[in-house]
Amino acid sequence: MTEIFSDTGFRQLTQMFLAIIFFHTSEYILAIAIHGASKVTLSSLLISKHYALAMLISVLEYIAEIVFFPGLKQHWWISNFGLTMIILGEILRKTAIITAGRSFTHLIKIRREEHHKLVTEGVYQIMRHPSYSGFLIWSVGTQVMLCNPISAIAFAVVVWRFFAERIPYEEHYLKQFFGRQYVEYAQRVPSGVPFVN
């Protein structure tokens, strides 16, 4: 059990918790900066029961593996690759949020508001849903950084499936809001989530 307190355990778990704290805090701060404190609730922290359970399971996997298979956690090139994924996913997501400005919300809007505009510049020139792509990269990266093979696969599948269902739902409303303009945009720019058109 002392393996958890080894240099490896300390480094990887510290990086994991710092990544989680930074991600959620920055999401909340950006929401306040863009929309104003009066329009932002704690839901902008993006912490749900399912998410918390997934993170708990990943930590339990980490503890079990570092105790019974400590060598599994010593693959630094894998861990560093995961850390790189976390950073790149974070940059992509935050760039998407800042670029979209007031048009970005954590909840899918089903009614068009006055300030809504179709954002097609910046990172939106290369993908329609860069914030989703960024979160997918970030979330899988947390598990790759921990050298958690089971959770890395599970996170990839679950997060991908979530976005595979969310994107068509969201785009239904985007087509209503922006009509032909959005249809043409969607035809020439990929979603940013693999295998989701």
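Heads up, the Cβ atoms here are built off N, Cα and C, so glycines get one too.
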Which single residue out of Glu65, Glu170 does Swiss-Prot record at the S-adenosyl-L-methionine site shared with His116, Lys117, Leu118, Val119, Tyr124, His129, Pro130, Ser131, Tyr132?
Glu170
Using the alpha carbons only, what distance in Å do you get between Tyr132 (S-adenosyl-L-methionine binding site) and Arg166 (substrate binding site) once rounded?
10
Spatial neighbours of His116 (S-adenosyl-L-methionine binding site) that are distant in sequence (at least 6 apart) but have CB under 8 A:
Arg102, Ser103, Lys109, Phe177
Taking 10 A as the limit, how many CB atoms besides its own sit near the CB of Leu118 (S-adenosyl-L-methionine binding site)?
14
Are there residues at least six beyond either end of the transmembrane segment (52-72) with Cβ under 8 Å to its Cβ atoms? List them, or say none.
1, 3-4, 6, 8-9, 12-13, 16, 20, 142-143, 146-151, 154-155, 158
Highest Cβ count within 10 Å among the binding-site residues Tyr124, Tyr132: which residue is it?
Tyr132
